[in-house]
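Visitor: Starting off with a structure, shown below.
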Amino acid sequence: MAPNAAVLVRPHIAGVHHLPTGRRLPRLAPPQAVSPPFSRQKGSVVAASGRVWASASGSFEKDRIGDDDVLASPQIVEESKVDLLKILKSANTIIPHVVLGSTILALVYPPSFTWFTTRYYAPALGFLMFAVGVNSSVKDFIEAIQRPDAIAAGYVGQFIIKPFLGFLFGTLAVTIFNLPTALGAGIMLVSCVSGAQLSNYATFLTDPHMAPLSIVMTSLSTATAVFVTPTLSYFLIGKKLPVDVKGMMSSIVQIVVAPIAAGLLLNRYLPRLCSAIQPFLPPLSVFVTALCVGSPLAINIKAVLSPFGLATVLLLFAFHTSSFIAGYHLAGTWFRESADVKALQRTVSFETGMQSSLLALALANRFFPDPLVGVPPAISVVLMSLMGFALVMVWSKRTKE
């Protein structure tokens, strides 16, 4: 008999049944075997008539299953789940492409983003901070606070190097490019504001263990911006901006403190729920980032496409490029003996090169009568996001290698 042939047990006589005519027919017992399995390939699992036949190494194994049981291989189902989780978790890798796509869409069809008004910015940024908090721990933030030298480096990049570069390129805009004074003031205003929450998210995507340090840097610059930003604007632009201290502190709590605290608590006390939602955070974060980039551009599309738009884009590109490079080399010089110098360089670079341009835009619209002052902040939101997340794509590949 062939090794893989199915064996059919012959029915045995369990008794006889007498018909009224006197003839007798044998009464059959329930069959002890079923039809051959659907597949005879090695390692396959098949189901038939309430039994599972598995052919492997020339033998059959039988395991009874219920009629309602799923007939698919558990291994295949599990592999499908793993593949889906990988796809969801890897959504962050397409952020640069999504940012570029949202920029093009905002230029071609502004109504696709104009519905996402400024009132949604705080909840959107808060969600990104929540995603960072879910993937962090209290210990990470304690360790970050214990590095005052790194925090100081980020602060120097934010409020010394960046304002100097802003003043330089703002002056060039007026003296060399002959742009209106309002556009030069707008470039300087961008350099006076605190760090952007998107810098924290960019750091998280590149060096996750550095995200708490980046958050501490941005929180400190945001908290002190209530005093520093008006002072810098007075010296650079000649106009002292009355910043709402209460509103600024409230924004810090809503956008940074509360979402991160919620994420940390969820990670600490509800780990199962945290694990369940973690795979869905990357694609949602990508979507939110696209909205935060496309909306300011779409809302201010007329100013961006003005005759001065291209020159302003070139100047802001040079400003942000110089800021990223200056922050990178600042940390490289400051921490050249540190074991994690490369990670610190990337973190300080993000902190120096990415500003809270949305805050600058709000200040421009509120305190400057000339609408051209708001053009550089609107362009800056898009440029710094494109450049920052392009660096994420490059640096994250290097860290994995």
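Cβ from N, Cα, C; glycine included.
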Visitor: According to Swiss-Prot, which of these ranges is transmembrane segment: 93-113, 345-365?
Guide: 93-113
Visitor: So are the transmembrane segment (122-142) and the transmembrane segment (185-205) touching or not, going by 3+ C-beta pairs under 8 A with a sequence gap of 6 or more?
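Guide: Checked: the transmembrane segment (122-142) vs the transmembrane segment (185-205), in contact.
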Visitor: At a C-beta cut-off of under 8 Å, are there same-chain residues at least 6 beyond the transmembrane segment (372-392) that contact it? List them, or none.
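Guide: For the transmembrane segment (372-392), the far contacts come to 95-96, 99-100, 103, 106, 180, 182-183, 185-187, 189-190, 196, 198-199, 202, 205-206, 289, 292-293, 296-297, 299-300, 303-304, 306, 308-309, 312-313, 316-317, 320-321, 324, 346, 349-350, 353-355, 357-358, 360-361, 364-365.
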Visitor: Under 8 Å, at least three CB pairs between the transmembrane segment (159-179) and the transmembrane segment (273-293) (pairs 6 or more apart)?
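Guide: Between the transmembrane segment (273-293) and the transmembrane segment (159-179), which are separate recorded stretches, there is no contact, as judged by 3 or more close Cβ pairs.
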Visitor: State, in range form, which of 93-113, 215-235, 247-267, 299-319 has the highest count of Cβ pairs under 8 Å to the transmembrane segment (185-205).
Guide: 215-235
Visitor: What residues in the same chain, six or more past the boundaries of the transmembrane segment (93-113), come closer than 8 Å to it by Cβ-Cβ distance?
Guide: 205, 286, 289-291, 293-295, 297-299, 301, 382, 385-386, 389-390, 392-393, 396
